[in-house]
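Everything on this sheet refers to the single structure shown next.
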């Protein structure tokens, strides 16, 4: 592996990039060196991400099913037939697919709000100097450091109706009179959202904490001179200064949550309640249980398009507008 990367680096440094990318030659030596260092990582990203996307899009226009598992290239070409079938809301499969899309968007919004509020609160706490701050930082990182499967299984056991600690705690203080079935019905979506927020908020905390560290102290001093209190400093200094990093955090959390498979599958298995049948679980069941790989791939492409549309709208509405304001 080391020799392969060495040979690849030698080819790049010998002008390999420049022969195929004329713009590369216009960069100064410093930026050329940076791109040379990035090239192996970008090549790996291409192999891991771009090729599977192209492969999935190819399967979505072919009649790949259980009869063509051994040789999917021999499957017949069906064009957009799978897309027309799975996206037709008048059919059972199509209506369930769009329902799963709506549940995915609802779940993603809930996770975004929860992770940002909790992450920002924790970041503001970490930004203060107090005794035992190092211990608190370590403690807040534990949900992110621990394996996701372990964390989610702990939450699933906590939400059990009979033996779960959450029901016991709520009943002991008199908030509920009988056990609540947290993993069934509409409560299941709230349970899954809480578990995923707990799993992901440390990453949001780290990003926002880094943003807080980059805010010049002079801005707070100027706000104090103008008579701003804690709320005024937070509203007119902290939040505006965090807009760039907040935009990136929200965008990435939106995309990651929409394509997340681990949380719903670990907590509910392959047969979740309808309220938490998000698109990734529905695609998994359709592809690997019904062996309808072509239609499952079409569903995946549809989810990809929905995620990209939402991400593009958000980017143009918030991130790009903020960058243009900074340039002005």
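Yeah, the Cβs are placed from backbone N, Cα and C, and that goes for glycine too.
Unlike curated entries, TrEMBL annotations are predicted automatically.
Among the features that TrEMBL reports, transmembrane segment is placed at 33-55, 105-127, 134-155, 188-210, 245-268, 288-315. What TrEMBL records for 101-314 is domain 'ABC transmembrane type-1'.
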Contact yes or no, the transmembrane segment (245-268) and the transmembrane segment (33-55), 3+ Cβ pairs under 8 Å, gap 6+: no
Chain residues outside the transmembrane segment (134-155) and at least six past its termini with a C-beta under 8 angstroms from it: 122, 125-126, 191, 194-195, 198-203, 205-206, 262-263, 266-267
